[in-house]
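Some features that TrEMBL has for this protein:
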TRANSMEM  A:43-66  transmembrane segment
TRANSMEM  A:72-91  transmembrane segment
TRANSMEM  A:98-116  transmembrane segment
TRANSMEM  A:128-157  transmembrane segment
TRANSMEM  A:169-187  transmembrane segment
TRANSMEM  A:213-243  transmembrane segment
TRANSMEM  A:255-275  transmembrane segment
TRANSMEM  A:281-299  transmembrane segment
Amino acid sequence: MTGIVGLPYAGVEWLLERWSDLLGAVGEELGIKMLQYGFMHRAFLVGMLIAVMAPLIGTFLVHRQLALIGDALAHTAFAGVAVGLFVNSVLGTGVSPYLTAVVVGMLAALAIELISEVTDAYNDVSMAIVLSTGFALGSVLISINAGGLAVGVNQYLFGNLSTVTSQSAILLVGLFVVISLVVGITYKQLLYVTFDETAARVAGINVRWYNRIMVMLTALVVVGAMQIMGVILVAAMLVVPVAGATQLARSFREALLASVVLAELAVLMGITLSYQYNATAGGTIVLVAVGIYVVAVLLGKLQSRRATVEDPAEQAAD
Amino acid sequence: MTATQTLIELEDVTFGYTASSVLTDISLDVESGEYVGIIGPNGSGKSTLMQLMLGLHTPDSGTVRLFGQSPRAFVERERVGYVAQDVTENTKEMPITVFEVVLMGRFPHAGFGRLTEADRDHAREALRTVGIEHLADRRITKLSGGQRQRAYIARALAGEADLLVLDEPTVGVDAESVEAFFDLLDGLNDDGMTVLLVEHDIGAVLEHADRVVCLNRQLYFDGPPERFVETDALDKAYGTNIRRGEEVTLA
């Protein structure tokens, strides 16, 4: 890494080392063995960043009724991984499969958006087609290129905590900064487009561009989260915490915040449990997230029951 | 009141989603301070006409001007407040409070900048004007149809719009609330707001608007309600049963 990116890269690298020192010291002090491994420090960091990014984007997606788009993009990202592995083995290059996954994922994101603009509707069918195409392409490329390749594919399908390198952790920090900035700056526009597309157009917001930005960011998050969650489960982080937060929150801001909190809980508990029981991290995180979602639904029901009990009195006072 | 200004100008506008035209040769102007009710049977193109005025569609021929500019190039977006059709059905099960919805009216003012306390004051003021300030922290989905309509009007008011465009706002709203809703519009119009209302309820338009535009793919009437009832425009526009794609035949 040289030039313009060299300085921030070194800065993040330094921060990553401090983070590692901190967790290591805490682990030492409290006698938590899990916290004494470098790969676990990176896993926790990456997991916590994903738990902010995924619900941040997911909240807008879910309320645009685009919950499935994460799945579609994850499967095309898998095709991207396969393309990367294929190119590497044929040409003998050393391109990171995550890089090709980002490129293919972004292209697929734009394709979904363009298809829906041309055919005038978001529909499950077009997303299902993109999803299956991605997975089919990935599996074909991998089978052509069989042998040692099939073994390497597992970590992309199911994710792997121990393969999170310092480099990919630093990339994720960069991704985190980009996504937080974009959502922070365009929050109002994204909210308007999500809530009322026609009124947003009347208000002069370029709806198409914000839709495109949204799907591109989704592709980035999906690829970023893929290394821990795996292709098959990555979309859950976009949807499940958001669904839980929707049950509890009243305002949109509350919903955003709550979805991040729920996702953080799921990630921290999930990674810990997966370490304890030697289970796959992605699956454990999703199961914990679903458990949290069920609790949120129950709490939400309780809340609304209490609200309806209060209501008659309030109406009488009006 | 200040000198009147032409807010909307349509000149020989023809538009169709497909090869056949939904609207043919429509010309009309809307001046500031007017209360215009657009009526016509289902499929007559009245909502389309409104969307053309707002620049959501581009006419096949003819010109549209909004505040003297092409709607596509129009930048003072905050001057137009829009209330969509059938908000009862269309409002999503989204966690968002009434206050957050009303605050959206300030978004065109703020651009990419942060909302200020002044923006929030505008939103609170707008909620007071439409009489639902006590519902500010409720989820919008918990409101009745009539209350929701008021929230959307408040959004337009918060944006300091001087043109209020409503597309069949009373669909799915109970009769009592509809009455109060039209009273609210009357009051806003008295205070200088230009109101452009697309409405299926002819009686309500005749009672409240001071100008009636009756159309069915082409313009049948444009003038005061008193004169409208004396003409046969209503029969002409509604009388013939027109299917999509067929030419309008006059009796």
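For all residues, glycine too, the Cβ spot is worked out from N, Cα and C.
Predicted automatically and left uncurated, TrEMBL annotations should be read as such.
Small disclaimer: the values here were computed from a predicted structure and weren't measured.
Sequence-distant residue pairs (6 or more apart) of the transmembrane segment (A:72-91) and the transmembrane segment (A:281-299) include fewer than 3 whose Cβ atoms are under 8 Å, leaving the two stretches without contact. Note on the transmembrane segment (A:213-243): residues 43, 46-47, 49-51, 53-55, 57-62, 64, 67-71, 73-75, 77-78, 80-81, 98, 101-102, 105-106, 108-110, 112-113, 155-161, 163-164, 168, 171-172, 175, 178-179, 182-183, 186, 190, 255, 259-260, 262-263, 266, 280-283, 285-286, 289-290, 292-293, 296 of its chain, located 6 or more positions outside it, place their CB under 8 angstroms from a CB of the stretch. Touching of the transmembrane segment (A:98-116) and the transmembrane segment (A:43-66) is ruled out by the presence of fewer than three CB pairs under 8 A, sequence neighbours closer than 6 excluded. For the transmembrane segment (A:169-187), the list of distant contacts is 8-9, 12-13, 15-16, 42, 45-46, 49-50, 52-53, 56-57, 98, 210, 213, 217, 220-221, 224: same-chain residues at least six beyond its ends, Cβ to Cβ under 8 Å. Listed by sequence, the residues of this chain that lie at least six past the ends of the transmembrane segment (A:281-299) yet keep a Cβ under 8 A from its Cβ atoms are 43, 47, 158-161, 228-230, 232-234, 236-237, 240-241, 243-245, 247-248, 262-263, 265-267, 269-271, 273-274.
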